[in-house]
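Report on the following structure.
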Amino acid sequence: MSLTSILSADDIQNAIKDCEAPDTFCYKKFFKLCGLSSKTPKEVKDVFQILDEDNSGYIEHSELKFFLQRFIPSARTLTDAETKSFISAADDDSDGKIGVEGWYLVSHRKISMWAEMILLVGLRLSWWK
């Protein structure tokens, strides 16, 4: 399976072009431009498995640094700041790596992280009542 069997080659090209310059990568915009944010949970998981080069069930810093090159081999690497920001956004258990659940949530995030946290806290509080 390849990324282009799930995502449009043109959409991938547009997403890569949008973040050509160092420190311009925004995961939300990238996922929207390449079409991942509108894919089903199975398709998102399939993309995750393609990007998980060592099949560990996680995308680690070393894999994420070359994230863009997995889409287009001539693309740049992510900067350390971009990589750290991406991991912190998707790392749902603070272990320094991204699991498939965190990957899905970050690829489909439509609201700000703060709004999501407030919503989750509210849901947890209502559950305890």
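Just so it is clear, glycine is given a Cβ too, placed from its N, Cα and C backbone atoms.
Now, the feature entries from TrEMBL:
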type	residues	note
BINDING	ASP52, ASP54, SER56, TYR58, GLU63	Ca(2+) 1 binding site
BINDING	ASP91, ASP93, ASP95, LYS97	Ca(2+) 2 binding site
DOMAIN	39-74	domain 'EF-hand'
Most Cβ neighbours inside 10 Å, all chains, among the binding-site residues ASP54, SER56, GLU63: GLU63
Helix, strand and coil counts within the domain 'EF-hand' (39-74) (DSSP): 21 helix, 2 strand, 13 coil
For the binding-site residues ASP91, ASP93, ASP95, the one whose C-beta sees the most other C-beta atoms within 10 angstroms: ASP91
Rounded Cα-Cα span from ASP54 (Ca(2+) 1 binding site) to ASP91 (Ca(2+) 2 binding site), Å: 18
Pairwise Cα distance for ASP95 (Ca(2+) 2 binding site)/GLU63 (Ca(2+) 1 binding site) [Å, integer]: 15
Candidate binding-site residues ASP52, ASP54, SER56, TYR58, GLU63, pick with smallest Cα gap to LYS97 (Ca(2+) 2 binding site): TYR58
Distance from ASP93 (Ca(2+) 2 binding site) back to SER56 (Ca(2+) 1 binding site), taken between C-alpha atoms, in Å: 16
